[in-house]
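These features come from TrEMBL:
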- C:His90, C:Asp113, C:His115, C:Asp117, C:Asp203, C:Asp205: Mn(2+) binding site (BINDING)
Protein chains: 6
Amino acid sequence: MLVIGIPYDATSSYRPGSRFAPRTVREAAANIEFYSLRAGLDLEAYRVADLGDIVLPVRPQEAVKRIEAVVAEVLGRYPGKLVALIGGEHSITLGSFSAVARVEEEPCLLVADAHFDLRDEYMEEKYSHASVMRRIAEAYGSERLFYIGVRAFAGEEVEYAREKHIEYVTSHSVRLLGVREVVARAARWIRRVGCKTLYVSVDMDGYDPAYAPGVANPEPEGLEPWMLLDILFKVVAESGARLRVVDVVEVSPPYDYSGITSILAAKTLLELFAAYQVQKSGARGG
Amino acid sequence: MLVIGIPYDATSSYRPGSRFAPRTVREAAANIEFYSLRAGLDLEAYRVADLGDIVLPVRPQEAVKRIEAVVAEVLGRYPGKLVALIGGEHSITLGSFSAVARVEEEPCLLVADAHFDLRDEYMEEKYSHASVMRRIAEAYGSERLFYIGVRAFAGEEVEYAREKHIEYVTSHSVRLLGVREVVARAARWIRRVGCKTLYVSVDMDGYDPAYAPGVANPEPEGLEPWMLLDILFKVVAESGARLRVVDVVEVSPPYDYSGITSILAAKTLLELFAAYQVQKSGARGG
Amino acid sequence: MLVIGIPYDATSSYRPGSRFAPRTVREAAANIEFYSLRAGLDLEAYRVADLGDIVLPVRPQEAVKRIEAVVAEVLGRYPGKLVALIGGEHSITLGSFSAVARVEEEPCLLVADAHFDLRDEYMEEKYSHASVMRRIAEAYGSERLFYIGVRAFAGEEVEYAREKHIEYVTSHSVRLLGVREVVARAARWIRRVGCKTLYVSVDMDGYDPAYAPGVANPEPEGLEPWMLLDILFKVVAESGARLRVVDVVEVSPPYDYSGITSILAAKTLLELFAAYQVQKSGARGG
Amino acid sequence: MLVIGIPYDATSSYRPGSRFAPRTVREAAANIEFYSLRAGLDLEAYRVADLGDIVLPVRPQEAVKRIEAVVAEVLGRYPGKLVALIGGEHSITLGSFSAVARVEEEPCLLVADAHFDLRDEYMEEKYSHASVMRRIAEAYGSERLFYIGVRAFAGEEVEYAREKHIEYVTSHSVRLLGVREVVARAARWIRRVGCKTLYVSVDMDGYDPAYAPGVANPEPEGLEPWMLLDILFKVVAESGARLRVVDVVEVSPPYDYSGITSILAAKTLLELFAAYQVQKSGARGG
Amino acid sequence: MLVIGIPYDATSSYRPGSRFAPRTVREAAANIEFYSLRAGLDLEAYRVADLGDIVLPVRPQEAVKRIEAVVAEVLGRYPGKLVALIGGEHSITLGSFSAVARVEEEPCLLVADAHFDLRDEYMEEKYSHASVMRRIAEAYGSERLFYIGVRAFAGEEVEYAREKHIEYVTSHSVRLLGVREVVARAARWIRRVGCKTLYVSVDMDGYDPAYAPGVANPEPEGLEPWMLLDILFKVVAESGARLRVVDVVEVSPPYDYSGITSILAAKTLLELFAAYQVQKSGARGG
Amino acid sequence: MLVIGIPYDATSSYRPGSRFAPRTVREAAANIEFYSLRAGLDLEAYRVADLGDIVLPVRPQEAVKRIEAVVAEVLGRYPGKLVALIGGEHSITLGSFSAVARVEEEPCLLVADAHFDLRDEYMEEKYSHASVMRRIAEAYGSERLFYIGVRAFAGEEVEYAREKHIEYVTSHSVRLLGVREVVARAARWIRRVGCKTLYVSVDMDGYDPAYAPGVANPEPEGLEPWMLLDILFKVVAESGARLRVVDVVEVSPPYDYSGITSILAAKTLLELFAAYQVQKSGARGG
Ligand SMILES: [Mn+2]
Ligand SMILES: [Mn+2]
Ligand SMILES: [Mn+2]
Ligand SMILES: [Mn+2]
Ligand SMILES: [Mn+2]
Ligand SMILES: [Mn+2]
Ligand SMILES: [Mn+2]
Ligand SMILES: [Mn+2]
Ligand SMILES: [Mn+2]
Ligand SMILES: [Mn+2]
Ligand SMILES: [Mn+2]
Ligand SMILES: [Mn+2]
């Protein structure tokens, strides 16, 4: 796994500070065990390389372009590796998904988030965290998006999602349907769209604020970690679309007093890495 | 919805600071979405007016009287509106419930709380947060109370509750019975007592401390937000008793480091506002 | 119940500060109700004596010896009493379990923890919190251990546990199996090993970090309090092995911003005290 | 020295929490050295007895009466001892000064404070921290007051102070005049009024907020600790009026993140205790 | 005095969050006394109007333009009033100084800061807080700048300052020279440049971090508040150049745990308002 | 300059956490300017190499030995370089000073500290932070010690210091004597003892807690940064004894909420590095 930090939070509208997350998530990763119970694998045995942080300008559109360039370069150079990005705010995903779209075939984006991030613009900005999925939908097709855990909408977003038939499972629905059914829906989406490459983007506010208090926009009634991790692990491990990039975004360390949000972000990357190994080996773990 | 802040915490026995909650809960409300998934309504479309804060004396009994006077005045002036109070500690509910009792017919009080607040007196004070429901029971009849989420009792309170046949569902029972059954019990209570007006008071310590760490008296093993909000929404939306006043109390911002308690309090008011709209329109949302 | 504080954290590898927990857990205990819903008992009626804190040297092995000496002395002097220890880090349990083994017959150790603590040594130290159960297994037999809630392993620990047939239920398994089945497995273990004396050690990181953020090593996907407390209560209340010592360890107050970890630790001791009363009286409570 | 805690903060108008100061100031005292460089004395050699905390009602006037009764009782029982009070808010000084006035002859009050606390009433309350010196002036004569470090005034207070010829040295004046001159002015005041008994009350906001950030009402441009302690030490050590009671008030632990305000409060008590020993022995220290 | 909030911090390079300062500084102002000892004036008697916050885009250059437009509009509409701006980061001063330069004659800028903010660009941005004075110097002449308290330089800045003969007094020099001499130098600068309008910009990091810990870039060895306030008060009160705009910038509330930085910022505005009144009345206060 | 982190805090008696200081001090160093006003030098031009952290065992005596071995190795390998150590607690200085004594001639130790650290043992430990200077005095001669800023003594320490004629200037004396005189006394000590190599050890509690709140044992009435830095700079720059090692110890990041203690520690290292350059070049800077 190749790790890249993207310390960018210039468009954060509520609680800034995700610029510090690349450091705190790495530190958390250094203090937790690398054994995945879901995979039955000790990930200590697998190589993780840290490529450092991307240096970025303040201006949103230029930042996005730089991210795209760097990630595309890395993807091109290491075709067999999983790339893990540590945000920064969600706006970075436009850059990195664009890089995947440039380098790989039929990319799809599985998003865990409390929000749609589908506004046309926000605070006069078209490249902010609140519009990132709108830009992706416009550029690569709205059918390439699948949301898990959404629950806080602006009217404009609900309308757009409806109109474009974007697929999503709210956090309430996850509780009603159960892990298995959500996994099945994601699997059908992958088949229907014909995804060959999978990008998993985890906005940490997809989790409930009790588990991830240190985020830019905490929204009640989110997912419990075991639930979301079970879903993501199974979707990846059992999917035909090859996992290529994962990101964790929107951790805001100045608001993460006990540090548990950074730890959960590190754990999320690890379980995705484990799922990747299982997918690669073609065999399910323990 | 008419919002009134009641920054009063003079009788707080453990962790003071709920005087600051009117400000932090309003700020939280300004930073979350107004879409209610339970109602399928975008509440941005409905009017919310902020009447500001009530200026209060230190002395408990006089504070209660002032609250009663102000709330009664507001209820009288705006007969068709839902009134939302942001505490302050729980002692304020004696004032506001008294106002409802003065202005409306057959008022009943649905309380979410970890505690009974049924002590005869506490720290030599009869008008403190720990005795508020005792005063209400004495003045308006103990049958008018229904508790959800209680789990921390003084011996004296258990005895009083038993003797007066006060109805309650502990947080343990909520988990055992499920949302539907708790809603059914509350509905039976409303019918049996003949409630025509409903007051919903949410002591934020009814939630588990993981979800609401910034309260005056955190008590383990509380309710998860989706559970309590489901119950409250359904009781209100399906009830014949008209929702007139809601309050959220006992948020203590100095102990709410990541701000998630204030955000959950704001969300609680929004879902109750949504339930009110559904009740009013006579139709259930999505 | 006899309470002893053990303010020792010299071997903490990540976030020190559990030295302060004896004070904060006591303070929390002074501010919560003593009524146990599980037992249907008001514990205010039972005597709790506080014996103060043990003064300890820095060096791990000597600290362990001192703890053993003091706890053995107390156990010998008060044969009919439950002893409750407030850590400090987990390394203290080697001292106190050794004391039990010296004074009582057929002692067994029920551990709630995210970790095995079964490393041969850690940071060049054989008496640290990360090796405490290895030392206990070596000295008293690995069959005397039963784990609940484990989920973060080093490879070396998994191997040792497998080789020694150590029994454990991961937090994932607790969710799958349910409270009843876990209790049944623990009961079978007690019978099979022939335990006559029970020691319950609760590393607070057994709980999920949402509920216990202020611990030395937070690990995601832990147990919810109601779950673990249900299990511990039932195992104790229905067990033939006499509960003699309980401990709560690894609370790190400098990281427990809202204080909810100390409160949950106090609650844990109270429910174990209630279970002890039920066990003693031979009758199940409410 | 006899220590009494007075955990009362019901009238706090800005940042409550001084109720917790008796505990944090004691804890700080347990972790600093007892050697006074000013006196050249190791205070470890002198006896300090802790009489515990006064249990208090919420209502201000009744709280004041209770404090008066308890302090008077202690003063009567231990005529040769220095009494040190740990607040709580400044309103407690009305009770304790009244006790001194009841038991001792010609009492005078030396106050370190950023504020006059001379309002006729505040938030409809005559017994709050903001009116405490007004009540004392009315009951015992305004000439008995001498302020050091004042700098934040309401118009009404300036007028009252002028009219009643109350003596004060602002923090700006302390910097201009120097320690020696301020001490000389206080000494002249003691002689002129004919004080026989001295009460020193230190509102911790007299210090600059850099040194005492954890107070209820931080006010910039305050005194540096060495300055105020030099003044207080010299006034006491060289004065003919016998030091009988000292208090430190207005520490608000929830706002004292690094704990340095509680430590400074403990240090203030220690230096006053050292000054008392020097006064008693009739000889100046090192 | 007209108060405008400018919640902008998109270019913050180290610790963001000054977007929240308009709210916290206002709240602080509501909780301190309005009496100025320097002026001998109770400012409660003078009118303060709050015009609210400016809504701003993310992009730096556009934000600057918007600020210029709004401030110019306000200056034009209220020619006789002092305008007080609450930042936000220092980059806002480019907008507001440009507005002054557009509306008033011969504007000069007195800056309190630890830094020169004279970089040509920073993190690829020409309109960031680190380049604000470079832009002002280029547009309006470097002789219009006078710095107090500077002490942290990049090589490029020292060179530029030297080359352009920009006047400054380091914090070390302030201690050596004393208040009187610094005031005299500033007065000579005003006369030499022929300033008719004065803008005072206070980057809160000009103060020492002990007094202003909650800033974006704390730099040791800064000024004590009494020193800087004495200097600013005297320069304004005795100056021929009319004070027209003041700003306080770079307060970062998420890092201002005890709130003392916001309080000091509020105090700074008040003393400048008092100086303005003295300047206007042509008479020196107490 | 060669930087080495020594994350050791096992013997901390009050507030642990200095193990994290190597990371936070480095991070602070990365965010402040490298220009030294005292030297008139831009230190960006000089090479700084980071050698990483020393991995250490828990046991104090063994930790000390490891530190000695590593530092001696580095000193031997880089004879012309200044070595800067970031603690960790003060006990580390025994190891590093021993290394200097092994490698260099006539080493002397200039200590800034609030405490003597001269206890024979503390908490049954002879190698703790509270005994470090006693061990050094015993092994290398008490005349090799010179203290600046001491003010908190145990009786035993005062006696030892007196008996051994150890030289010290209390923080009170520094204020009385002024920078020049203290520098002169240190210079005389260097000549009298015949020091050829200088080690400067800065326990951050030598500074006042207002400037360095995040330390293990805050003690009021300490030094202001400009004072101590002036003294250290001048002693080094003008001294004949060659500066070889500097350390900053006792920063406790969990208590350093606003981060200003780590920043001051970084600044302290920079000014010592600047003094070293001046000493080396034989010329005084600006
Ligand atoms: Mn998002
Ligand atoms: Mn989101
Ligand atoms: Mn309540
Ligand atoms: Mn409650
Ligand atoms: Mn453990
Ligand atoms: Mn553990
Ligand atoms: Mn006062
Ligand atoms: Mn005051
Ligand atoms: Mn600036
Ligand atoms: Mn600056
Ligand atoms: Mn030291
Ligand atoms: Mn020290």
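Using the three backbone atoms N, Cα and C, a Cβ is placed for every residue, glycine included.
Curation does not apply to TrEMBL; its annotations are automatic.
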**Asked** Neighbourhood of the Mn(2+) site (C:His90, C:Asp113, C:His115, C:Asp117, C:Asp203, C:Asp205): other residues with Cβ within 8 Å of the Cβ centroid, in order?
**Response** C:Val111, C:Ala114, C:Phe116, C:His129, C:Gly206, C:Asn217, C:Val249, C:Glu250
**Message:** Please report the three-state DSSP label of C:Asp205 (Mn(2+) binding site).
**Reply:** helix
**Prompt:** Three states by DSSP: which one describes C:His115 (Mn(2+) binding site)?
**Reply:** strand
**Request:** Just name the most isolated of the binding-site residues C:His90, C:His115, going by other Cβ atoms within 10 Å of its Cβ.
**Result:** C:His115
**Asked** Near chain B, which of the binding-site residues C:Asp113, C:His115, C:Asp117, C:Asp203 can you find when the cut-off is a Cβ distance under 8 Å?
**Response** none
**Prompt:** What does DSSP call C:His90 (Mn(2+) binding site) in the simple three-state scheme?
**Reply:** coil
**Request:** Please work out the number of neighbouring Cβ atoms within 10 Å of the Cβ of C:Asp205 (Mn(2+) binding site), leaving out its own Cβ.
**Result:** 27
**Asked** Highest CB neighbour count within 10 A among the binding-site residues C:Asp113, C:Asp117, C:Asp203?
**Response** C:Asp203
